[in-house]
Amino acid sequence: MGLTEGVFLILSGTQFTLGILVNCFIELVNGSSWFKTKRMSLSDFIITTLALLRIILLCIILTDSFLIEFSPNTHDSGIIMQIIDVSWTFTNHLSIWLATCLGVLYCLKIASFSHPTFLWLKWRVSRVMVWMLLGALLLSCGSTASLINEFKLYSVFRGIEATRNVTEHFRKKRSEYYLIHVLGTLWYLPPLIVSLASYSLLIFSLGRHTRQMLQNGTSSRDPTTEAHKRAIRIILSFFFLFLLYFLAFLIASFGNFLPKTKMAKMIGEVMTMFYPAGHSFILILGNSKLKQTFVVMLRCESGHLKPGSKGPIFS
């Protein structure tokens, strides 16, 4: 094992550990709260489910990383690759849609518009979110089912490639695989568009609210303004981290067709782990209960608060 492989394994292991800790923290805090009160808000439910999916996603990515390093032939074999791709695709798409649903929920609860359509959605926010979550599940199943044709084409052109008979038929099949693989990325467009729309509405709502505050001569740092800013930070961070994740996903997916196949796959795998860990940490900072518990935990660790003291999770 060379220096590059060693650095790859260290980075993968570090990001995996941090991601697991962050998402398990969310599970522990929200799970403890639900256990005590037997109630869970819609936003907490989405965040908790999202954290669980990201734990699974991180495990899939780590497994993929170790197979790339220690058993590349097994990784590229038909059945193993298909199991990883199916698990990754379903978990990945569902987690992205849940993050999108969270952005829509924040938008409907915080933004203020007088348009009849927006008011209709705002008054029925719980029902809207239930339908969005069901739609997210169906779309995630659809994106996973779309892999069937991709698997068939991949099997055909890999079989031709193994014979080292690079014919026009081989080039045609490879082009078809490229096309289907690229078209498969279009499943990412709907959640991105919805997230961008939620972000835009919150920006417009914040601008109008700020102008009203200035006209009334009141402070612009009121709870409504802070809620707008917090939601905007969460949605914007998801948007940019997802773009980075999408780039990494493309690098990892098309690694077989790049000059330095193994290096491309390793870079892609390391980059993909940053999103499920980074965005979950931002969710902690944007959620008052999670943030307070996190601060209390840090104070306990640093010795500024006695372990017996009651923080948000114990109260």
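Here the Cβ of each residue, glycine as well, is placed from N, Cα and C on the backbone.
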Task: In Swiss-Prot, the member of Asn30, Asn165 to which N-linked glycosylation site is assigned - done: Asn165
Task: Same-side flag (membrane), Ser41 vs Gln292, source Swiss-Prot - done: yes
Open item on the list: So if I exclude everything within five residues of the ends of the transmembrane segment (234-254), which remaining residues of that chain have a CB under 8 angstroms from its CBs? That is, six or more out.
Closed with: 92, 96, 99-100, 102-103, 106-107, 181, 185, 188, 192, 195-196, 198-199, 202, 264-265, 267-272, 274-275, 278-279, 282-283, 286
- [ ] Report the listed stretch (6-26, 94-114, 266-286) having the maximum count of Cβ pairs within less than 8 Å of the transmembrane segment (186-206).
- [x] 94-114
Open item on the list: If I count Cβ-Cβ pairs under 8 A between the transmembrane segment (6-26) and each of 94-114, 128-148, 266-286, which range comes out on top?
Closed with: 266-286
Open item on the list: If we skip the immediate neighbours and take only residues 6+ beyond the ends of the topological domain 'Cytoplasmic' (207-233), which ones have a Cβ under 8 Å from one of its Cβ atoms?
Closed with: 103, 106-107, 110-112, 199, 282, 286
Open item on the list: Counting only residues 6 or more past its boundaries, what in the same chain has a CB within less than 8 Å of a CB in the transmembrane segment (266-286)?
Closed with: 4-5, 8, 11-12, 15-16, 18-19, 22-23, 25-26, 47, 50-51, 54, 57-58, 61-62, 64-65, 68-69, 95, 99, 102, 230-231, 233-234, 237-238, 241-242, 244-245, 247-253, 255, 294
Task: Non-local residues, at least 6 beyond the ends, that sit with Cβ under 8 Å of the topological domain 'Cytoplasmic' (115-127) - done: 42, 105, 108-109, 201
